[in-house]
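Q: Before I ask anything, let me first share the structure, which is written out below as structure tokens.
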Amino acid sequence: MYKSATKEYWKGRVDAHDGALGARWHQKVQLLDLSQPLPDADTGTVAFAFLGFCCDEGVRRNQGRTGAVAGPAALRSAMSSFAHHLPERVGLYDAGDVLCTNGNLEEAQEQLGKKVAALVQAGYRPLVLGGGHETAYGHFLGLEKATAQQRLGILNFDAHFDLRSYAQQASSGTPFLQIADRLQGQGRDFVYKVLGLQEYGNTAVLFQTAAELGVTYSLAETVQMHRLTQLQEELQAFLDEVDAVYTTIDMDVFAAAYAPGVSAVNVLGLQPEVVLALLRQVIQSGKLISLDVAELNPALDIDIRTAKLGAALLYEVVREWHHV
């Protein structure tokens, strides 16, 4: 099910006396209705489209703590009052939400894929707001056609591989195995890198699956600012072997002090600075095609901390990506 965009969460302070220089994001965001024919993004502009995926059915199936269904609303609210420093050629759009109804995860993922594909085809840069990490499979479906002739790399900032078996049912723990199988069924390579992995959060069978699939990864204990140069070299090797990159950020990759509002709290997680540095490298490569933020659970958040971090990451992505 699809719900068209509204200004419900785009509101906040208005400094009218400051004129254009006092603008904030909520005053600049334009609405898109993906249930209607989608106009192409204007030539010469950079158009970012926020698309929500209101779903945590995958988290429920994965025996996690539900609440990520409200993630898109929380991210919008946290972005709403950001100061606007973007040039006029950069547009911010809200493309509405894909909803998961009656527990039908598979249908919701198909819908998400169609909406992402429509945005890409019309020249928008999708920024998907999750939702549990089942978001990733639906997001990928939307990039499948656009990257059919390209070698696609998937970069996941995450404490978990999310390579669980989906023989019984798909969940938030299975999206990347689903993607691997789908790509390999098409004769395409599965190029997948995970940064921030926690050994204690992934069973031996998941490490075995990762090895069989040729997955590269860095444990959280190695993803630290004092190792940034080596991390950048390793990331560059990944970037050099692909034509396009889909990046996904699972908020449980961060230390609990920064991101308490997730299903699987991570006491030994990453600091935001190292993730930002690596994100900038991906963007500057010119190969990023789409990005999502997943697993924000507002019901478990403290002082809106996790939502604010997710929103700040999106701000930095827009700030950097509009130059490329």
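Heads up, the Cβ atoms here are built off N, Cα and C, so glycines get one too.
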Q: H133, H139, H226: which one does TrEMBL list with D158, H160, D162, D250, D252 for the Mn(2+) 1 site?
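A: The one candidate that TrEMBL places in that Mn(2+) 1 site: H133.
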Q: For D252 (Mn(2+) 1 binding site), what residues in its own chain, 6 or more apart in sequence, show a Cβ-Cβ distance under 8 Å?
A: D158, A159, H160, A259, V262, S263, A264, V265, N266, G269, E295
Q: In sequence order, which same-chain residues at least six apart have a C-beta under 8 angstroms from D250 (Mn(2+) 1 binding site)?
A: H133, N156, F157, D158, A159, H160, D162, V262, A294, E295
Q: Within 10 Å of the Cβ of D162 (Mn(2+) 1 binding site), how many other Cβ atoms can you find? Include all protein chains, please.
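A: Result for D162 (Mn(2+) 1 binding site): 29 neighbouring Cβ atoms inside 10 Å.
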Q: Can you tell me whether DSSP puts D250 (Mn(2+) 1 binding site) in helix, strand or coil?
A: strand
